[in-house]
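For S2, the entry in Swiss-Prot reads N-acetylserine, with the evidence type similarity to another entry. According to Swiss-Prot, the domain 'EF-hand 1' annotation covers 39-74. Annotation source Swiss-Prot lists Ca(2+) 1 binding site at D52, D54, S56, F58, E60, E63, citing similarity to another entry. Per Swiss-Prot, domain 'EF-hand 2' is recorded for 78-109, and the stated evidence type is sequence analysis. Taken from Swiss-Prot, the feature Ca(2+) 2 binding site covers D91, D93, D95, M97, E102.
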Amino acid sequence: MSFAGVLADADVKAALAGCAAADSFNYKTFFKACGLAAKSHEEVKKAFFVIDQDQSGFIEEDELKLFLQTFGAGARELTAAETKAFLAAGDEDGDGMIGVDEFVTLVKA
């Protein structure tokens with residue numbers, strides 16, 4: 001599964017280029033730049049299941065580290081600091097993971 005048909009390739013490339021440098025990732029900026037923030041709740045949920053690579057129903061820290069790579073081959077991994085900040089922003093219930101509803105809330109924030 002990919003983001004084809006949900007997000008425009010040009011928008012995804014621009015979003016990835018905007019955070020190519022280490023410690024430059026900002027989830028709000030990224031979600032707006034790639035167009036995900038403007039999508040419906042259902043489309044955001046589809047994106048969640050692409051990012052949830054092990055299909056556990058949650059995005060864990062190791063999947064967040066590889067977050068950018070789910071949007072484009074050759075993208076960098078998030079740094080440890082970026083990963084922890086991203087997890088803290090999305091993990092509303094403190095279980096150390098981001099569930100689908102938490103992800104929708106994060107994208108739409």
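Placement of Cβ uses the backbone N, Cα and C atoms for every residue, glycine included.
Remark: of the binding-site residues D54, E102, the most isolated position is D54 (fewest other Cβ atoms within 10 Å of its Cβ). Comparing Cα positions, F58 (Ca(2+) 1 binding site) lies closest to M97 out of the recorded positions S2, D91, D95, M97, E102. Counting other C-beta atoms within 10 Å of each candidate's C-beta, the binding-site residues E60, E63 are led by E63. If you draw a 10 Å sphere around the CB of D52 (Ca(2+) 1 binding site), it holds 20 other CB atoms from the protein chains shown. A gap of 15 Å separates the Cα atoms of D91 (Ca(2+) 2 binding site) and S56 (Ca(2+) 1 binding site). Taking each of the binding-site residues D91, D93, D95 in turn and counting other Cβ atoms within 10 Å of its Cβ gives the largest count for D91.
For S2 (N-acetylserine), the same-chain residues lying six or more positions away in sequence with a CB closer than 8 A to its CB are V50. The domain 'EF-hand 1' (39-74): residue composition by secondary structure is 20 helix, 2 strand, 14 coil, according to DSSP.
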